[in-house]
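Shown below is the structure under consideration.
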Amino acid sequence: MTNDSIFMQRAIDLALLGAGSVSPNPMVGAVVAHDGQIIGEGYHKKYGESHAEVNAIQNVIDNFKNADHLLKQSTIYVTLEPCAHYGKTPPCADLIIKHCIPRIVIGCRDPFDSVNGKGIEKLLIAGKEVITGVLETECLELNRRFFTQIQKQRPYVILKWAQTANGFFAPENHQQRWITGKESKILVHQWRAEEDCILVGKNTAIIDNPQLNVRLVKGKNPKRAVIDKNLALPPHLNLLDNKQETFIFNAIESKIVGKNKYISIEDFDHFLPQYILYQLYLQDVQSVIVEGGVTTLQSFIKHNLWDEARIFYSEDYWENGINAPTIKGNQISTDKVGSDTLTILKP
Ligand code: AOF
Ligand code: ZN
C-alpha cells in the first residue's frame, strides 16, 4: 500500500463512524497529513452538521499552535470530492483553498448535481495538486446507498431472509416459527439501525406481528413500510402503533394519520416494487431492507430490483414448509453467525 492509500483507508474507517446518522447525506471521512504523519482527522457525524473536511481541518487547528503553517504543507485525504455548493454549510473546496492546503487526494467523485466535478474544478483553478480515484472502488462501495439514490432514483435495496438447511422459509400452516439463532437476531437489529427503512408484506405483518424496531443493539429505529392493498390490516398490529414513521402502501387512499403515512398506488398489480421504491425515493429513503415474506421478496427479485441479498441458513432440517425465494447472484461472502451461516449475494 502507498502512503496515499493508507491515509485514504483511514479516511474510509472514519467515514463509517457516521453510519446510521448521516443519511440521506453520504458518509465522508477526511485525514490531514503532514510529512507522512496524520495531524488531523474528521468525519461527517450527523445529517445537517459540518462536513468531514471542516472537522478534520478544525482538528488540526485545535491541536497545533502553528496549524496555519502546517496546513500550507499538508495533504488532505477525502473519501468523496469536496463540495462546491452552499448547502447547509459553505463549500468545503473553498475552505481547503482558504487554508492554503496544496495537495488534495480524493476517493471518488460526488455525483450530486450541485457538486459533480465542480469541487475538483474549483481546486484545480486555485492551482492545487488534485489526485482522484485513490481506493475508488472502496469509496464507491462505502456510499453505495447514496450513489444508488442519486443515479437510479430509488433506495438501495437489501433483501434479507432466513431459511432452513433444506430450503424452507416458513411452516405451511401460517404460524410463526423461528429459524435463526440469537446471534443472527442481534445482527439483524444492527442492520436495522444502519438502514433507513424496513419493508414487509401483509402476511408477514399479520403472522409475525413484527415491531421492526431496534431493541437488541443501540441505534436509531428505521422507518417502516408495509404492503396492504385493501387496507385490511387489523389496527392493533405492532406495525401500526404510531411509534415510528410507517408507510402503508395501498390501492385505496393517501392520507397521514400521526406517524402513519398511507400512500395509494394506482396500478397495484403491475410493477409494484417499482412504485414502492419510487415513493420511498420521494420520501428521501436512501436504503430499504425487504424482510419478507416470500411473495414480497420474490417480486423484487423478479423485477431485478435488489442490490444485496443477505440470507441466513440454519442447521435445521424441516419435514415440510413454504419454500424460500429463489435468487441468482454473485456470492460476496459467507460467514458463520453463531450456528447459522450468512451468505451475501449481489446481482
Ligand atoms: C463534502 N464533505 O463530509 C459531505 C459532503 O446539505 P449539505 O450542505 O450538508 O450538503 C450535502 C451534500 O454535500 C451531499 O448531498 C453531498 O453531495 C455532499 N456531502 N461533501 O464535501 C462531506 N457529507
Ligand atoms: Zn462539504
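Heads up, the Cβ atoms here are built off N, Cα and C, so glycines get one too.
Curation does not apply to TrEMBL; its annotations are automatic.
On a predicted model such as this, the values are computed, not experimentally measured, just so you know.
The domain 'CMP/dCMP-type deaminase' annotation in TrEMBL covers 2-131. The feature active site, proton donor is assigned by TrEMBL to Glu53. The annotation NADP(+) binding site is assigned in TrEMBL to Ala162, Trp178, Thr204, Asp208, Gly293, Val294, Thr295, Thr296, Leu297, Gln298, Ser299. According to TrEMBL, the substrate binding site annotation covers Arg192, Leu212, Arg215, Glu291.
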Other than Arg192, Leu212, Arg215, Glu291, which residues of the chain come within 8 Å of the substrate site, judged by Cβ distance to the Cβ centroid of those residues?
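Apart from the listed residues, the neighbours are Val188, His189, Ile198, Pro210, Gln211, Asn213, Val214, Pro222.
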So, by DSSP, how many helix, strand and coil residues make up the domain 'CMP/dCMP-type deaminase' (2-131)?
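When I sort the residues of the domain 'CMP/dCMP-type deaminase' (2-131) into the three classes, I find 48 helix, 28 strand, 54 coil.
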In angstrom units, rounded to an integer, how far apart are the Cα atoms of the residue listed as 'active site, proton donor' and Arg215 (substrate binding site)?
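Checking the Cα atoms of the residue listed as 'active site, proton donor' and Arg215 (substrate binding site) gives a distance of 34 Å.
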10 Å Cβ neighbour count around Arg192 (substrate binding site)?
25
Spatially, which candidate from the binding-site residues Arg192, Leu212, Arg215 is nearest to Gly293 (NADP(+) binding site), comparing Cα atoms?
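Nearest by Cα distance to Gly293 (NADP(+) binding site): Leu212.
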At the level of the C-alpha atoms, what whole-angstrom distance separates Leu297 (NADP(+) binding site) and Glu291 (substrate binding site)?
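Here the two Cα atoms lie 8 Å apart.
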Among the recorded positions listed here, Glu53, Glu291, which has the most company in the form of other Cβ atoms within 10 Å of its Cβ?
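Result of the Cβ crowding comparison: Glu53.
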Using a 10 angstroms cut-off on Cβ to Cβ distances, just flag whichever of Thr204, Thr295, Ser299 is the loneliest among these binding-site residues.
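Minimum Cβ neighbour count within 10 Å, taken over the binding-site residues Thr204, Thr295, Ser299, occurs at Thr295.
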Three states by DSSP: which one describes Ala162 (NADP(+) binding site)?
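The residue in question, Ala162 (NADP(+) binding site), is strand (DSSP, three-state).
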